[in-house]
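Enquirer: Per TrEMBL, the feature compositional bias 'Basic and acidic residues' maps to B:135-152. According to TrEMBL, the compositional bias 'Low complexity' annotation covers B:609-621. Residues or ranges marked as domain 'Response regulatory' in TrEMBL: B:14-129. The domain 'HTH myb-type' annotation in TrEMBL covers B:196-255. Look at TrEMBL and you will find B:D65 tagged as 4-aspartylphosphate. Annotation comment: TrEMBL describes B:135-200, B:604-633 as region 'Disordered'.
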Amino acid sequence: MDYSNLRRQAASMKKGLFDQGHLDEQFRQVEDLQDEASPNFVEEVAVLFFKDSGRLISNLEQALEKYPRDFNRWDAYMQQLKGSCSSIGASRMKSECMSFKDNCGKGNVEGCMGCLQKLKREHAILRQKLESYFQLLRQAGPTGAATRPVM
Amino acid sequence: MAPPEEDQFPVGMKVLVVDDDPTCLAVLNRMLVQCRYDATTCSRATVALSMLRENRGGFDVIISDVHMPDMDGFRLLELVGLELDLPVIMMSADSSTNAVMKGIKHGACDYLIKPVRMEELKNIWQHVVRKKFSGNKEHEHSGSLDDTDRTRPTNNDNEYASSANDGADDSWKSQKKKRDKEDDDSELESGDPSNSSKKPRVVWSVELHQQFVNAVNHLGIDKAVPKKILELMNVPGLTRENVASHLQKFRLYLKRIAQHHAGMANPYGVPASSAQMASLGGLDFQTLAASGQIPPQALAALQDELLGRPANSLVLPARDQSSLRLAAIKGNKPHGEREIAFGQPLYKCQNNSYGAFPQSSPAAGRMPSFSGWPNNKLGMTDPTSTLGNVNNSQNSNIVLHELQQQPDTMLSGTLHTLDVKPSGIVMPSQSLNTFAASEGLSHNQNPLIMPSQSSGFLTSIPPSMKADSVLPTSQSPNSLLGGIDLINQASTSQPFISSHGGNLPGLMNRNSNVIPSQGMSNFQTGNNLYLVNQNSMGLGSKPQGVLKTESTDSLSQSYGYGSNPMDSGLLSSQSKNAQFGFLHSPNDVTGGWSSLQNMDNYRNTVGPSHPVSSSSSFQSSNAALGKLPDQGRGKNLGFVGKGTCIPNRFAVDEIESPTNSLSHSIGSSGDIPDMYGFSGQM
């Protein structure tokens, strides 16, 4: 198998994610934390992130419905999500979180709704891309996963 | 567990991370591990808190998120800071200046913005060292405090007595200093002042705290700067740094209380004997204070809040943070348990310096006998007679004072003190608990003397204090006491009165409310803590500060004997203190009341006045009165330098008074922040 090719593909995919703004520097910091002691750390964190953020997004959706115009509450919910996004480096999602909070501050319900939809989209996109990326890494072999691909 | 690699510090430094976000927790954990720290993660603040409490020495630094579902990060910060004095680093995705400011104001060592970078984590060990280092310094200086407090027998009383007069301050001070110095020399606990590796922190005993509060009151909460406070307190061995850090905590506490109250309903379940109590609901401490009733519930609630327990409906008027604190301190809690929080320690400590709490107004609602109490809560009408009552108030004041001091623990402490029941007073011993029980701070002797109000309140309060039953909010900074008063009141049915109705700068609210014979009994309980806050009834007047229990002792004695003329004097002195801690420096107190002259003894109790020892304060009063037996509270007073332990400085749990039950309910030393480090540490 052409591991080096797979690794190159993975590297290129990752680069794309960065270039498109899906990921930011924080993701690199997370990658740096991966080592022999924690060889799959990045993927583990990503799994954790998507699971938790999925839950937070759905809570937020419910809150938007159940507590109309309760901007403080919405803002509080979003605060959590924003923290999560920033911890893994989910850059676009984080931007949407900030827009949402801005809209809360302005009391703009439509704005909030709009941001939430975008957020969900970004969430889905990122999840899909990262899943592909990790899969590629796994295929590329342990070496590929353990080392930081050249970006 | 492997011994800490101190020589390789910061390697192996124990970090506890608290965040409900699993992603962040995972990332931070890895980062900390890569920094070679010993990291522990926790996703729930409540779990983290119990982990910390159970394993006091188990962690060196805490990193906590601000927004958490089960507990606000700032709250955790405060609790940890107060109880354990560990460095806490706040963390949040919110980078706004306000948020960061809030964190710093709450006492955070640092504030990290998410995503946290590795470089930032690499530096967190500095906070640990910084804290330890300054703690050592404090300890060094205050090592002697402990002894002095403890061993300050009634002798001081005499000395103080003589200098009780306004003009005597200097002499008194010098006397005290001398004594203190002697004590210091003999006692330095840690033994080695130069040892800087691990010095116990200053233990803010009830008395010490009372003195602190008095000083702050005197200066005015806004103007209180560590240097001046230190000067006023005149406690040998105490450093400006000690005071500064304590002040910071105190301020946070006050704020928290205020916020807490704001958020709390005002359940003053206990029907205040006076209508004023009802007004409590209005978060208007002043009013409350005026009415001399700080609903025990409020205090209780406050206490609960502080202790992390579900607050019962304590509703403390949010009107003024400081007042709130007082109230809280007073332990207005109607619930027995809660009260203990603040009052208890005081009570128990009878000897304790709780006297610091101007118990002046035990349960505001308490003075049943004075139906018209609110007004005359302080019994202003009859200053002399109020002595008896004063005690109560004092206690309450003290309690309040104490309460103020320590957010969580304070409450517990103060509650106890209120129990001082003059012989005549029928206060059930558990009255402490009762703050709540007391029907409500009917007494309100001074519900909360808000010290902030005027530093000069003590002095300014004319002896005639009219029945200012409620702490003259504006005037008396004592409002803080209000809370404490409640405590007393709660327990005693009698009017706490404290005699002063509030003028007492020192708590001695002669207000006539003082329950004539009864009041006395309150004091006696030995808790001298109640220092005569006769004002407790709403001392408003100035119960400033909690008069430390010391006075109660003396008072009790005086009461015991019946009408001690000193009582009034005592009361006055006490009332001064009643201010919940806001008592102005003891010196002031004495000056304020002419009646105090008699009370020389009490002067001492006034607490702050003698740096010596908080414990002695009680005792000193005894001297005058006949020397109240040293309830042994002294011990609690402050163990400075005791090494110890007591992580929660504000926990008062050592109160031995009957109210023990209360304190226990609070949670046994473990739970109750041991403000004064009494929890068993003695």
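Glycine is treated like the rest: Cβ placed from N, Cα and C.
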Enquirer: What count of other C-beta atoms do you get within 10 angstroms of the C-beta of B:D65 (4-aspartylphosphate), across all chains shown?
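Expert: I count 26 other Cβ atoms within 10 Å of it.
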Enquirer: Restricting to the domain 'Response regulatory' (B:14-129), what is the model's mean pLDDT?
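Expert: Mean pLDDT across the domain 'Response regulatory' (B:14-129) comes out at 89.
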Enquirer: How many helix, strand and coil residues does the domain 'Response regulatory' (B:14-129) contain under DSSP?
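Expert: Residue counts in helix, strand and coil order: 57 helix, 24 strand, 35 coil.
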Enquirer: Counting each residue once, how many in the domain 'HTH myb-type' (B:196-255) are helix, strand and coil under DSSP?
Expert: 38 helix, 0 strand, 22 coil
